[in-house]
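The following features are taken from TrEMBL:
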type	residues	note
DOMAIN	21-140	domain 'Poly A polymerase head'
DOMAIN	167-225	domain 'tRNA nucleotidyltransferase/poly(A) polymerase RNA and SrmB- binding'
DOMAIN	245-367	domain 'CCA-adding enzyme C-terminal'
Amino acid sequence: MTEWEYAKKIIETIEYHGGEAYIVGGAVRDYVLGSLPDDIDLATSLFPEEVMTLFPKSVPTGIEHGTVTVILNHHPFEVTTFRSEGSYSDSRRPDHVALGVSLEEDLLRRDFTMNAMAFHDGQVVDLFGGQHDLEERIIRTVGSPYERFGEDALRIMRALRFMSQLDFTLHEELRHAANRLGHRLEHIAMERIAIEFEKLLTGPAYRRALGEMIELGIHHYLPNVSTELMRCVQEDVRTPVNAVSGWALFIYHAKDEDWLLPWKRSNTIKREARTLARLCEVGLDTMTVYLTDEHTLSTYFRMNGESDRSHELKQSLPMKSRKEMMFNGRDALELGARGETIKHLLADLEQRVVLQEVPNHETVLKEEAKRWLQRAGVS
Ligand code: ATP
Ligand code: MG
């Protein structure tokens, strides 16, 4: 059974117990576009507690806004009770959400017409012209963009990332509203902005979306971003093939290793992006290849549009890490070295082994070490 068929099973079960249920959001958009959705979300008239009693494998993943994750044959489905959102006094979160409203109200709270459709029984429920906008390749808010961006400014970032992912155009009124209300992004949590920005950077039309962002002045509300920096990334011949490579281009052009700090990304993303930026800076010299993990090297090839030689390059090195060196700290101690001197000696030998100036051979390295220590005045 496909995921879509499992979703239908969920709908049937809910209806059998007197509720209503629909496939909603991105999955319906993707269905109309003829592409496969990443994941399928459902909306229902039942309350979360009722959903949980109907499906033995379900997890209350967001009970306060009505969401239960139902697992069917290892597939997770988010099932959310129809809800509407009260007023937004802070451009960020609704003051309250109301459960137990109609499908229509649930669709009304959604961001864009293409994301505000529902699917049921082979039919698309399309109250705001989502199918028409998909056909025209236009992103349009449900209702006034001024109002919708005023409620939640993250939607401005979402509009730009969908523009990039789908290669669509922003509706003219939406553009004006984004331009006028962009400053409200300052109220939005950085993590949420960063996630949308990563999706923008890795979308097929990211150059157009970055251009639109500059034109609407949205980049002024992102940390460490100048117009010039945006242009550099936009015009760079390399392509962000994943979030890390997108960030790497910013770090590289900003010439600032700490550029990513205010974006609140994970330590792994920060470390990999920094490494990749360094690769962009110095290219594939032997020592950099040695110090870079194979996964990041592979990303480097892909972002340059080259065939992936990461594995061969790694294989061609005389060793993979210092652990493989036939001379270690204990050997250095035996030769009378102490503390910092050991550190410097090992780093020097390591570099010369990697660059194949000396073979990785026990007796050779020991002789090299003795000479090094003599020069350093240790023995
Ligand atoms: P993707 O395929 O990238 O996941 P998606 O449309 O599923 O795209 P999500 O962020 O997963 O996007 O959101 C699911 C749905 O929830 C959207 O399609 C939209 O209907 C609604 N939604 C999400 N974020 C907002 C928001 N900030 N304001 C209004 N509606 C939103
Ligand atoms: Mg989704």
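Just so it is clear, glycine is given a Cβ too, placed from its N, Cα and C backbone atoms.
Per DSSP, the domain 'CCA-adding enzyme C-terminal' (245-367) is made up of 82 helix, 0 strand, 41 coil. Confidence over the domain 'CCA-adding enzyme C-terminal' (245-367), given as mean pLDDT on the 0 to 100 scale, stands at 96.
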